[in-house]
């Protein structure tokens, strides 16, 4: 019997182990879906612990699979758990967990990339963006094939304060390939510094919590796995629309081994390209001979602000597409015939 004035901690009743669930429902990780099961409940508990205090919280777990992390989330005493699972083979095992935790679990058979998160949680949980994060968490051991497109989609949601961030600065605890985790948290000068580093760090505090060795998973992936925690910032470090920041950052990293001005050139049409590139770099006060991975966040902010000003003066700039220009040039070359035409450049090959 619980002590007076205290609520008894929630405990799952005895259940088959994750390994037994896999055998019971004849579950097999599908290579084409890049599935890897985590069976060690000490590790699933450790992942869930990185999310913070979950007692009475509302949680969305992405891709629960056979339910290892699900058990750890329920054991943390959450109020409600929303499970979004694309693979129908896992639903019966998850329903077994749902029955073991009456009224706590809602299962959605669907794709997280298309699922509308705006109505996933009760309205009363909403908090102002300036407040502390709401009592809502997103947790997931993501398949490698979906992890990068999904985090880019959620970062765009953070920028626009919609999707799961309509409730405020919802926190996320997610797994990635170790290399992707290193990119997400890489500092200026690091060889892992990339487009992903800038897009994540300008919108969130990003923490690489710990590494799970590949042998902990079934089947064993060829890489280790990073657990990464995201908390959206009250003020983004670059206060420009997501699409503009993404375009500038993507262009800068287009040729990551070359000087940064080479990537910045791709923001502008061939006619007047050099002059406009020089203008942008002078306005932003960025050394054109720095490599893309050497640029600081404030330098990216300056580049985005200067580019925004140029786009306001000439709206056709923002819709300019360098790849499309290359494609048109290639078509023209093929129509004219190759005689006397220059060979395809190294940059064109790289793109």
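Glycine is no exception: its Cβ is also placed from the backbone N, Cα and C atoms.
Annotation source TrEMBL lists S-adenosyl-L-methionine binding site at 36, 38, 63, 85, 111, 141.
Residues or ranges marked as domain 'Ribosomal RNA adenine methylase transferase N-terminal' by TrEMBL: 43-234.
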Fewest Cβ neighbours within 10 Å, where candidates are the binding-site residues 85, 111: 111
Count of other CB atoms lying within 10 Å of the CB belonging to residue 141 (S-adenosyl-L-methionine binding site): 26
Distance in Å spanning the most remote Cα pair of 36, 38, 63, 85, 111, 141, given for S-adenosyl-L-methionine: 20
